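K.L.:
OK, Swiss-Prot features for this one:
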BINDING   Cys14, Cys17, His18, Met58  heme c binding site
Amino acid sequence: ADIENGERIFTANCAACHAGGNNVIMPEKTLKKDALEANGMNAVSAITYQVTNGKNAMPAFGGRLSDSDIEDVANYVLSQSEQGWD
């Protein structure tokens, strides 16, 4: 996976709601490590599924981003969660 590309995709498509690993719509559903684990989202496959298909207030990006871009952004999110989004 290309983490640098994932960061670019995140900044362009995700940061409006998820800057710094937060969640402006549902504050308890952050991209922080503990929240990802608690919600069963601490795997690339789980994140790629949700980014592709959307859920609740989160739109589906499957029609807007390529599979490889979605995989890159999922790897970026997991990488950042391991580093505490610092």
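Glycine is no exception: its Cβ is also placed from the backbone N, Cα and C atoms.
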K.L.:
Other Cβ atoms within 10 Å is the metric here; tell me which of the binding-site residues Cys14, Cys17 scores highest.
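P.N.:
Result of the Cβ crowding comparison: Cys14.
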K.L.:
Could you say whether, by DSSP, Met58 (heme c binding site) belongs to a helix, a strand or a coil region?
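P.N.:
Its secondary structure by DSSP: strand.
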K.L.:
So how far apart do the heme c binders Cys14, Cys17, His18, Met58 get, largest Cα to Cα in Å?
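P.N.:
It comes out at 11 Å between the most distant Cα atoms.
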K.L.:
Minimum Cβ neighbour count within 10 Å among the binding-site residues His18, Met58: which residue?
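P.N.:
Minimum Cβ neighbour count within 10 Å, taken over the binding-site residues His18, Met58, occurs at Met58.
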K.L.:
When you average the Cβ positions of Cys14, Cys17, His18, Met58 for the heme c site, which other residues in that chain have a Cβ within 8 Å of that mean position?
P.N.:
Asn13, Ala15, Ala16, Asn23, Ile25, Leu31
